[in-house]
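The annotation sn-glycerol 3-phosphate binding site is assigned in Swiss-Prot to 12, 82, 83, 135, 245. According to Swiss-Prot, the feature ADP binding site maps to 12, 16, 267, 310, 411, 415. Here Swiss-Prot flags 12, 13, 14, 267, 310, 314, 411 as ATP binding site, drawing on sequence analysis. Look at Swiss-Prot and you will find 82, 83, 135, 245, 246 tagged as glycerol binding site, backed by sequence analysis.
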C-alpha cells in the first residue's frame, strides 16, 4: 500500500493541508482562509475554534480529494504561525479568549514596564535569545491572565493550559491527551531558556505565569501522539513532526549546514541563518533562536523578523485598491523605469529587526507631482527587498563571515521583479527551489524522519533542486546609493506613534 506524509500548515491567514509522497511530489493541497479580528488599533486576534475547524476540514478535504484514507498516511507533520498565543480550559477544552496573534501590539505597555526592571532586558537577550517585544508569547499570556475575568485564579489551580498553535492542534487532534510543543516554538515564547532547554523560572516569575499551564517541550521530530482521523476504533496516525513556520522552511530548504540562509516572503519576511551548534549572540538587533531540535540536541539560528513583507501587497489591494490581484504588482512595477524617488516604509505595526521600534508607523516619502500609482506599487514591492537587506547586513556583521546565496520561498518569491531586485540590492545570488512549499515540506520531512519514511537528512538533501536563480545586475555603488535613501526613509517612520 502506498504511503504518504500529510503536512498541516497553519498560517496567519489560512489553514492548509498538503500531501507529499516519498519523492516530495505534492499529491494534493487544500486551503481555507479564516477571519482576522481587529478589536482595536494595533490589536490582532484569531478565533482558536475557527483555526481548528479550518485546519481539520482541510485535512479531511485533501484526503477525500486524493482518495486517500488514514491507512495511507505514514505520519502527520505540523507547522504553524509562531508566537500566537492560545489559553484554554483544561477540562472543557474551550479557549478562554481569542488567540492573540504574533502581529498584535497590545502588550507594548507591559513591555515598557518590564524594561524598567533591573537587568531584565539583558537577561531576556542572554537566556531566551529574544528582545523584549510585544511580538513574543510571554507578555500575551500575561495579558490574558490579567484581563480575562477569573483567568488568573483558574491558572493558579492548574485548570488552564497555554499553547502556541502547534500545541493547540496536537491537543485537539489527540482529543486532549497530549499537551506538547517543540524546541523551535518554545524558543519564540520569551519564557524558554535556549541554553539549558527548559522553561525559564525567572521569566515565569517576572510575568507571573504558573508553570502548570505550559506544554512539555519535545524534539521537532518524534512521535508525540496519535490522531484518529476516521470512525472510533480506526487506524491511529502518528503525529511525528512539529516546527514553527520559519524553522520548518529552513529545514524544507535543506539548509542543514552552518552559514546556510533562507528568506521566506510571506505575510512578514523571515530571514534565517543556520549557525549550527554555535549560539551566536547578536550585536545587531537580531534574534538568536532554535533552528531545529533533533535527538535531544539543537541547532541554533540567527533570525531577522520583518513584520510586513507580502502584507504590503495585500494593503495595496485591499486598502488602497490600486491593484485588483497580488500578481498585478509585477506588471505595474515594470511600467516605470525606477521608483521615481518614492520609498514606502510599511511599518504598519512597528518595525521588526534590526530596528525593533514598536512605535514606528508606515510612511511614504519622496512624493512629487510626477508620482503615479506605478511608482507607489514599485516602492511597496522594493520595501520588501530593502528590509531583507537590512537584516542580511546585520547577520553578516554578527557571524563575521559572508554568504554565497539566499534560498527563497513564500508567496512573494513568485514575483520575478522582486527576486531580481533582491539579488541586485544584496549583491548575492537568489535561488528558488523547485518545491516552493518549503514550510509544509519541512514539517513533512520532520514527520517522515521520525517514522523512517526517509532515512536521514542526507537522503532529504539529495531531493532539493533549484528551479530559478537570479544574479546581481547592478553595480555596488548603485545598490548602496539606493539603500542609503531607504535608511533615510526609515528614520522618518521611527517613533511616530509615541505620544508627544
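Any Cβ shown, glycine's included, is placed from N, Cα and C.
From a predicted model like this one, the values you see are computed outputs, not experimental measurements.
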Of 12, 13 (the binding-site residues), the residue whose Cβ has the fewest other Cβ atoms within 10 Å: 13
Largest inter-residue Cα distance among 82, 83, 135, 245, 246 [record-listed glycerol binders, Å]: 15
Sparsest-packed among the binding-site residues, when each Cβ's other Cβ atoms within 10 Å are tallied, from 14, 246, 267: 14
Residue among binding-site residues 14, 411, 415 with Cα closest to the Cα of residue 82 (sn-glycerol 3-phosphate binding site): 14
Site of maximum Cβ density within 10 Å, from binding-site residues 314, 415: 415
Neighbourhood of residue 245 (sn-glycerol 3-phosphate binding site) by C-beta distance under 8 A, where only residues 6 or more apart in the same chain count: 9, 11, 79, 80, 81, 82, 264, 266, 270, 439
Other residues, Cβ within 8 Å of 82, 83, 135, 245, 246 Cβ centroid (glycerol site): 81, 84, 102, 188, 244, 270, 305
Site extent for ATP (largest Cα pair distance over 12, 13, 14, 267, 310, 314, 411, Å): 14
Fewest other Cβ within 10 angstroms of its own Cβ, chosen from the binding-site residues 310, 411: 411
Candidate nearest residue 13 (ATP binding site) in space, where candidates are the binding-site residues 83, 246, 267, 411, 415 and distance is Cα-Cα: 267
Residue 314 (ATP binding site): nearby binding-site residues from 135, 267, 415, Cα cut-off 10 Å: 267
Listed binding-site residues (16, 82), ranked by Cβ neighbours within 10 Å, top entry: 82
Cα-to-Cα gap, residue 16 (ADP binding site) vs residue 135 (sn-glycerol 3-phosphate binding site), nearest whole Å: 24
Local backbone state of residue 310 (ADP binding site), from DSSP in three classes: coil
